[in-house]
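K.L.:
Pasting a structure below so you can have a look.
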């Protein structure tokens, strides 16, 4: 061990960047392969992503609940065309507030404690929804569950990226999206058999499980080092990698990186490309991700299917779309560390472009003959009308939506979260991740709030054609601005932005 420690930790050449000398790197690769079998790392990731399960569950809660509340016998709980959009969109406003507060929570409490903190507003929000006696309780419950979702959105990807080995960081980085999708799918499935109040009660289960499991998990070694807790950080990394690996070398590398970024970010430093470029890329990716329309489509999925008179029942269509979404994001998780991030982003945006364009053109050219009695009703009220499909051509909206969700889940869903946690520099990671989540959910709130009024005023095809244009822009943005981070350590990615040398990412 002593002879190893005398070997240099870093070597740079004009054409490449090595964390260790080549002979040492080969030996360490074998040891790191052993560390990948350490089940504790995967247990820590699972405990964290239970927060994403709850987030996905809460996000699509309105999909089966809006139709039920529009037909509710009590005037105090009944939704109409004015209150239904607020019930659907106020979640994203809460998520934006959660992202804003995480700018402080991530650096003050740490990543793990921030995730655990989200359980409090989440549990309270579900309790309000389950026992709601008026509209204010419904809206407050949605705000609180949204706030919790905003906190987890900013904290969980950072926590996972900081505890993961580069060889599996892509796969583990996709786990938050997988669990969010699984949460949505479980909501759709439970919506077939449970009343809307019991759906809220069911949402409490993953929240409590998350808090219980995370109590036994370590904090991020990088965060602990930034707080000066060196022994605790070394113990955390040993727990995550396994005692039989050379985790001490990785610890020294992380320690060196943290030492270089020990100071807080100043306003003058924001002019440095090392800081503003990754922050700008991350923020724009979150902005474009939401502009693609995914939140609107997920929140109003059943009403959209009712409006287009899909041949199957809307609630079954929603569950089917959720299953496709889960399959697609699982494929992305497996292929992300092999195919790379950028190729999946290109494919994802291309599929979303074709799907949104197909949906918009179908609705434009087939509004009267196949949309039956709901053709001239509002989107919200159409959920109360039985669909009367007369032709198998009505499967087109279902297939287009399935392909859209599949395309999104293959790239622009999980990879935007992963890249945000990968490319943001350590000294700004806590604040910048919260800022990105704030941008994301303010955009989602605006779109979700105005989606129904735009549909009622101009038709359902208008937003889908707009989403198609955004998807085309996503392709250009990926080609021009997004770096490939497959298989690179967080320190190598930081070196790329610090120097601008692409050789650091080869």
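Cβ coordinates are placed from backbone N, Cα and C, and glycine is handled just like the others.
Fair warning: this is a prediction, and the values are worked out from it, not measured in the lab.
Dumping what TrEMBL says about this protein:
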DOMAIN    44-486  domain 'Major facilitator superfamily (MFS) profile'
TRANSMEM  41-63  transmembrane segment
TRANSMEM  83-105  transmembrane segment
TRANSMEM  117-138  transmembrane segment
TRANSMEM  172-190  transmembrane segment
TRANSMEM  196-217  transmembrane segment
TRANSMEM  287-305  transmembrane segment
TRANSMEM  343-365  transmembrane segment
TRANSMEM  392-419  transmembrane segment
TRANSMEM  431-452  transmembrane segment
TRANSMEM  464-482  transmembrane segment
K.L.:
Mind checking which residues of the chain, 6+ beyond the ends of the transmembrane segment (41-63), have their Cβ under 8 Å from one of its Cβ atoms?
P.N.:
35, 87-88, 91, 112, 115, 118-119, 122, 125-126, 129, 142, 145-146, 148-149, 152-153, 155-156, 159-160, 163-165, 172, 175-184, 186-188, 191, 199-200, 202-203, 206-207, 209-210, 213-214, 216-218, 240-241, 295, 298-302, 318, 322
K.L.:
Give me the mean pLDDT over the domain 'Major facilitator superfamily (MFS) profile' (44-486), rounded to a whole number.
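P.N.:
Averaged over the domain 'Major facilitator superfamily (MFS) profile' (44-486), the predicted model reaches a pLDDT of 81.
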K.L.:
With the transmembrane segment (464-482) as the reference, which stretch in 343-365, 392-419, 431-452 has the largest tally of C-beta pairs below 8 Å?
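P.N.:
It is 343-365 that shares the most Cβ pairs under 8 Å with the transmembrane segment (464-482).
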